[in-house]
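Working notes, beginning with the structure itself.
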């Protein structure tokens with residue numbers, strides 16, 4: 001009994017080792033793995049086992065060369081070859097990588113399935129264990145946030161379209177006590193498109209409501225301001241001197257009422273004065289001081305108190321004109337006080353001539369996960385950085401003068417010591 005258990009455990013271990021190495025050299029990982037692609041170019045595709053055991057997930061399974069070789073010999077895929085010296089492996093030249101054209105990408109979509117409902121604390125091994133009796137799977141993508149936190153959902157790629165269709169026939173699945181959401185990739189994108197349309201419609205309605213409320217608040221504020229100023233307008237008209245100015249009006253009322261604004265242009269025959277106080281009081285005081293004969297620059301003037309709707313319209317126009325004038329003046333003041341650099345050149349001008357570093361630009365991978373737009377650094381770049389960090393394990397010392405390597409404890413779970421890789425690429 002114990003002997004049979006040991007054999008089963010050994011068989012399971014060999015299967016995991018073989019699957020892991022075949023994943024590294026497989027159709028989904030190899031095109032994205034810059035480090036491994038570089039190694040392949042060095043020796044006609046051969047990669048030393050000494051290099052392979054520095055890959056994180058494989059090193060957790062075994063670092064023994066003989067164990068690796070024995071596991072690979074049991075493989076039925078014929079994907080990998082072992083060299084005569086039994087110290088290197090490579091992808092078989094008889095099984096070249098597929099061409100990454102539209103036809104191939106479409107075939108992947110038809111074999112892809114979206115599954116949601118895993119706890120965010122789940123790891124790749126948990127997911128693989130749950131999937132092990134659900135059909136032959138080529139690739140598992142653990143979907144993550146920009147902060148590398150698991151979202152609780154995955155994309156899996158089956159070996160064939162039929163395998164994916166068979167899996168989709170039974171969608172009443174559970175992970176422990178969690179009900180799972182299962183969709184084909186086409187259904188997933190259709191669902192996301194509908195959600196985006198709905199969100200866009202909701203945002204549009206929300207924006208419209210916000211604008212409507214803002215407009216109402218502005219109108220209420222304006223109405224309140226107008227109501228507060230009722231009784232403060234005084235209209236004047238007549239055969240005015242062409243040289244009459246606003247300064248003349250200020251001089252006329254300076255001891256009788258504070259003037260806030262005058263709507264008048266030199267040469268005009270009428271205008272309106274906005275007082276900070278009641279216009280009738282100011283007019284009565286000015287008339288009393290001038291024997292009830294209030295002239296403007298020696299000319300007879302008709303003075304009128306504006307009332308009712310006419311007053312409200314005039315107040316609205318004057319207050320708008322006052323605000324517009326204030327905004328223009330503020331803009332001129334802002335330009336006026338811009339600093340000058342040496343040589344009399346403005347600092348803003350000189351700064352435009354200098355090229356400034358604006359930080360690392362980020363691109364977004366929108367090929368399949370348009371809804372998530374996960375931040376994307378080249379997966380090849382992430383992989384080579386990861387393998388560089390793995391260079392000190394198993395006695396392999398860093399090259400003289402090379403930068404200090406990170407500890408292998410920083411390695412991620414989905415490849416050879418991945419350094420905070422930005423995009424999830426076939427976690428296996």
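Here the Cβ of each residue, glycine as well, is placed from N, Cα and C on the backbone.
The motif 'Nuclear localization signal' annotation in Swiss-Prot falls on one of the ranges 316-332, 384-400, namely 316-332.
Segment annotation: Swiss-Prot labels motif 'Nuclear localization signal' over residues 196-212 (candidates 179-195, 196-212, 213-229). Remote same-chain partners of the motif 'Nuclear localization signal' (316-332), defined as residues 6 or more beyond its termini with a Cβ less than 8 Å from a stretch Cβ, comprise 222, 225-226, 229, 233, 261, 263, 272, 274.
Across all of the motif 'Nuclear localization signal' (316-332), the predicted model scores a mean pLDDT of 81.
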